[in-house]
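Structure, as structure tokens:
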């Protein structure tokens, strides 16, 4: 392979140099660069919506039938609407923080942490960074688990089809997690957000595909049952103990919160939108309206139909609840669509973490060829040359391997989903956007608006703590019977 590798390093322009370009220089008015000297952004409301839908309509939609089963026909949909409204409102507050000062010409904040740093104190920036990136790691683990469950469902459905339903078809999820990890190692080499728009579009299409299939199968199941299942208050005490009812209800709050979680990458998505007019915040608010409305409709339909079809027995993963019966090929298509979608969603969520670590390493060791240099590779004499950054390749590969290994040890889909939602919902979706908005808009302390914003924040904090407690209780219960790396 030595003859195909160019032994010289290419040094791209550093981020610091790009950040130093001021308004009025060659970048301003250029067709190739934006006002900050970076390559011109080409994102639109539709690409931003695709990124959001890819991030939001993920594995969380499959647990909504179970969540509504814990809460019932009254509280379940009501909580879903509540979280959608909170997410939309706080996302609108957050989108105003992309630029500091003037919404059209103010200084850009490229990441969530940049926005917090521009508006709040240094300690809060560190807390925000820890929570944001810890949540991203958790999402990567949750998506690996969800993808393996769908691939496992395909394998078992095909096994039942070949051998009959008398065969237990015990299959381990570990090989499927490894397959998903290998795919993510490959896709994680895509350098940044701007270059994964096509993957987000494909993933968004896949999310609609499996949601429609799940909804259709739910309708068919309701017809076969001869009516709707479920009750106004959810799963009955007697079927579960009173304490289990409490824990399950709290966990359901976490599941629904996770289903709307995307604020931690909102600023990064907004940074892909083309320069004004209209302002990036105006475009992002429209994208938020479209995305939250679409996802809420899908959530209502899929969650409600899952509960209507299975009642108190609604499964944690909707598509696995239909059994492994005919038409097995339709379930295979749905589960395959989930896997493809999660491949894209994994990348959408992890790109901010990848960029953060790489920027930190570049600033820490700016002269290191391993960190900042790129090696030109050519797989064959006739193929195009591609530039590979060695640090990016090794660090991203190591991250994917680590999250895959942890996923093998903690395959508790519902409980992990609920805990992730609780962990990130209050601080990243509510607290920091509210606090930044108060500072940026100079909202007077103890004014009506300030009091209402603080009440919203405190209320969501209580919900997050309760949901986290419910999910931890679920994980502890699972650990009593789970043995790692065993087949199912």
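FYI, residue positions are counted from 1 along the chain as it appears here.
Each Cβ is built from the backbone N, Cα and C atoms, and glycine gets one as well.
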Of the residue ranges 2-19, 20-37, 74-91, the one that TrEMBL records as transmembrane segment: 74-91
Transmembrane segment per TrEMBL - which of 179-201, 202-224, 225-247, 248-270: 202-224
Residues from the same chain, set at least six apart from the ends of the transmembrane segment (48-68), whose C-beta lies under 8 A from its own: 76-77, 80, 142-143, 145-147, 193, 197, 199-201, 203-204, 207-208, 211, 214, 218, 230, 234, 252-253, 255-256, 258-262, 265-266, 269-270, 272-273, 283-284, 287-288, 290-291, 294-295, 298-299, 302-307, 309-310, 314-319, 321, 338, 341-342, 344-345, 348-349, 413-414, 417, 421
